[in-house]
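A quick write-up on the structure given underneath.
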Amino acid sequence: MAESMQGLHRSHRCTEVSNANIGEKVTVMGWVQKRRNLGSLIFVDLRDRSGILQIVFGEENVGAEGFEKAGTLRSEFVIAVEGTVQKRTAAVNESLKTGDIEVIATSIRVLSEAQTPPFHIEENSKTSEDIRLKYRYLDLRRPDIQRNLMLRSNVLRVMRDFMANEGFLEIETPILCKSTPEGARDYLVPSRIHHGHFYALPQSPQLFKQLLMASGYDRYFQIARCFRDEDLRADRQPEFTQADMELSFVDIDDVIEVNERLLKHLFKEVINVDVEIPFKRMPWQEAMDRFGSDKPDTRFGMELCDVSEVVKDCGFGVFTGALENGGSVRGINVEGQAKMPRKKIDKLVEHAKGCGAKGLAYLCINEDGTYKSSFAKFMTEAELDALVAKMNGKPGDLLLFAADKNKIVWNVLGALRLMLGAELGLIDENKYNFLWVTEFPLLEWSDEENRFMAMHHPFTMPMEEDWDKIDSDPGAVRAKAYDIVLNGTELGGGSVRIHQDDIQEKMFEVLGFTKERAHEQFGFLLDAFSYGVPPHAGLAFGVDRICMHMLHTDNIKEVIAFPKVKDASDLMSEAPGTVDPKQLEELGIAVAAEEDEE
């Protein structure tokens with residue numbers, strides 16, 4: 001039977017009790033981690049979010065009733081204990097912060113009993129993730145998850161303090177917004193009052209923070225909840241948190257400078273890591289050419305090498321065919337791996353195909369300087385020597401090549417580079433390599449839409465020196481956009497925004513927007529800008545991803561209290577779920593029957 005805690009007041013969390021309290025009376029409360037009955041004494045490990053404290057029950061101190069009660073305790077019972085702190089008389093437990101003290105109980109109350117949990121509440125649980133997420137309220141009791149969430153709380157606190165000291169105003173923007181279908185898929189919310197009309201949950205506060213700049217709030221900041229109905233992966237959730245900011249009367253360098261200082265301060269305050277600033281900057285084109293990625297992991301080499309010029313006249317049709325079709329031939333040097341088993345090379349080929357390649361060419365440089373290759377018979381010895389020299393190959397190296405359109409070649413070799421870097425132990429997991437990727441293309445061509453699309457969003461300012469190409473070569477126009485990358489992860493990004501009417505109108509025209517469509521989707525923003533808007537720029541980065549890097553986990557679910565699984569469902573609450581037909585009727589919604597798959 002559960003007891004009341006009336007009249008009791010917790011004096012300390014478990015690990016707040018220390019040698020300084022020896023001889024003092026304390027009141028502690030928490031969960032029973034473990035009970036050991038030694039006959040005349042009962043030992044209980046009491047757990048709260050701070051850690052574990054040993055409680056000792058002896059009949060002479062706690063009384064017959066209290067001792068009997070202690071004997072009934074099981075894992076996860078919630079108890080309150082009054083007692084006196086003393087130095088441990090038995091062996092000290094070096095693994096516990098409180099390992100050299102204990103509390104001699106003088107009274108106990110069982111505040112809540114517990115049934116046997118489906119898994120043991122312990123560090124590094126081997127329980128399947130599905131079971132852990134189904135009973136997330138139990139999983140959240142585990143010390144490692146609690147440390148993760150406490151670190152996350154600290155990250156948010158430090159961010160807020162820093163931004164306030166920098167003169168930013170924390171302003172909340174709406175959650176119920178208008179759908180603007182230029183980005184990822186929206187989560188839609190039907191309106192009960194306006195039948196047939198829908199709100200959208202925000203993918204970001206983009207439009208509202210620009211409106212705040214037009215309204216004179218020259219430094220805005222928000223810890224923003226954002227929603228995207230897109231396929232999930234290890235570092236992506238349908239709802240996520242970003243640190244969002246916008247500044248007026250600034251250019252790229254101003255935004256980059258304040259964010260570098262923020263990240264330096266954050267890593268020092270939260271995990272005591274010194275981050276050097278300024279961060280390196282790399283144009284998008286260079287990142288793609290060197291690393292095959294716009295979010296390169298610069299902790300190791302194995303950079304891509306363009307060998308198109310070397311092989312343009314060779315007899316290997318795969319290479320020359322790719323070049324004739326406007327593509328390129330590039331390679332990576334996997335140093336010291338010439339003796340990689342053929343089965344492993346075949347796996348690399350399959351991985352390359354999974355990334356869009358038709359195949360993968362390879363060349364092994366034997367220790368005697370001879371070559372073993374999938375294409376050597378199509379090239380002369382001089383051509384092979386020139387190719388190896390271009391790749392800085394030496395005896396013992398394995399050279400891998402992809403030939404196709406640039407986009408495919410970058411994707412294939414970039415993915416192989418990351419896979420091999422991890423498998424061969426080339427990545428220093430203790431390094432924090434920050435990088436700004438800049439000068440992104442303003443536009444990218446969509447075969448599906450048969451038009452140019454904004455690589456970021458329609459309000460991104462083009463680089464002034466490229467603007468004269470907007471009609472003749474739109475794909476060559478670079479944007480005043482920048483992404484912040486950490487160890488191969490895009491933490492976030494931003495841009496300088498368009499604040500000039502003529503540039504914005506031209507941007508909409510290039511994107512295929514009529515004036516009517518532009519006004520229908522973004523009229524409130526365009527109207528606001530007609531009343532005077534300052535030059536402005538901003539950035540947002542993912543809080544979840546920063547926490548992942550600080551904790552060295554590649555699973556975003558480990559840093560979110562109540563995450564979704566891969567199909568965007570919540571195993572604990574069973575969301576999404578069906579709703580009462582009356583609710584649907586009020587909203588004017590009829591659910592279409594699913595068609596049977598043939």
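Every residue gets a Cβ built from N, Cα and C, even glycine.
If you take the C-beta of ARG497 (L-aspartate binding site) and look for same-chain residues 6 or more apart in sequence within under 8 angstroms, you find GLN210, MET213, PHE459, THR460, MET461, PRO535, HIS536, ALA537, GLY538. Residues annotated as L-aspartate binding site in Swiss-Prot: GLU182, ARG228, HIS456, ARG497.
Panel annotation: around the region 'Aspartate' (206-209), residues 173-174, 177, 180, 220, 222, 244-246, 457, 459, 522, 524-525, 538 of the same chain, lying at least six beyond its termini, place a Cβ under 8 Å from a Cβ of the stretch. What Swiss-Prot records for 206-209 is region 'Aspartate'.
Marked as ATP binding site by Swiss-Prot on the basis of sequence analysis: ARG228, ASP229, GLU230, GLN237, GLU490, GLY542, VAL543, ASP544, ARG545. In the three-state DSSP scheme, ARG228 (L-aspartate binding site) is classed as coil. In the shown protein chains, 20 other C-beta atoms lie within 10 A of the C-beta of ARG228 (L-aspartate binding site).
Here the binding-site residues are GLU230, GLU490, and the one whose Cβ sees the fewest other Cβ atoms within 10 Å is GLU230. For the region 'Aspartate' (206-209), the DSSP-based tally of helix, strand and coil residues reads 4 helix, 0 strand, 0 coil. Long-range Cβ proximity for VAL543 (ATP binding site), meaning a same-chain Cβ under 8 A and a gap of 6 or more residues, is found for ARG152, VAL155, LEU156, MET159, ILE223, PHE240, THR241, GLN242, ALA243. Contacts of HIS456 (L-aspartate binding site) defined by a Cβ separation under 8 A and a same-chain sequence distance of 6+ are given as PHE440, ALA479, ALA481, GLY493, SER495, in order along the sequence.
Residues ARG228, ASP229, GLU230, GLN237, GLU490, GLY542, VAL543, ASP544, ARG545 are listed as the ATP binders, and the farthest two of them sit 19 Å apart at their Cα atoms. Counting only same-chain residues at least 6 apart in sequence, those with a Cβ under 8 Å from the Cβ of ARG545 (ATP binding site) are ASP235, LEU486, THR489, GLU490, LEU491, GLY492, ILE556. For the recorded site, ARG497 (L-aspartate binding site), the DSSP three-state label reads strand.
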